[in-house]
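Database features, via TrEMBL:
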type	residues	note
ACT_SITE	R22	active site
ACT_SITE	N40	active site
DOMAIN	7-74	domain 'Acylphosphatase-like'
Amino acid sequence: MEVKKVRAHVLIKGRVQGVFFRAETRSQAYSLGLTGWVRNRWAGSVEAVFEGEDQKVRKMIAWCYKGPPSAVVE
């Protein structure tokens with residue numbers, strides 16, 4: 001069975017800088033076996049790209065809606 005690979009480009013807004021959002025996102029993506037990148041944006045948001053198996057990318061996107069405990073995602 002062939003595994004479907006996908007790429008997602010996401011922008012996360014809210015209280016997501018200064019709360020370890022990038023570091024936790026990187027760690028979560030690594031644990032799921034995803035590749036990509038994550039960075040802070042000048043307006044206070046976080047931008048990321050995730051690549052990998054469809055279900056794992058979907059799981060990562062779901063995690064981004066919550067983020068780490070100290071984050072407040074809008």
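Keep in mind that glycine also has a Cβ here, set from the backbone N, Cα and C atoms.
Note that TrEMBL annotation is computational and uncurated.
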Report task. Could you say whether, by DSSP, N40 (active site) belongs to a helix, a strand or a coil region? Result -> strand
Requested in this report: Write down the Cα-Cα distance for N40 (active site) and R22 (active site), rounded and given in Å.
Outcome: 8
Query raised in the report: Averaged over the whole of the domain 'Acylphosphatase-like' (7-74), what is the pLDDT?
Result: 97
Report summary line: Cβ contacts within 10 Å for R22 (active site), all chains included, total 19
Report summary line: For R22 (active site), the three-state DSSP class is helix
Report task. Please report the number of other Cβ atoms within 10 Å of the Cβ of N40 (active site). Result -> 14
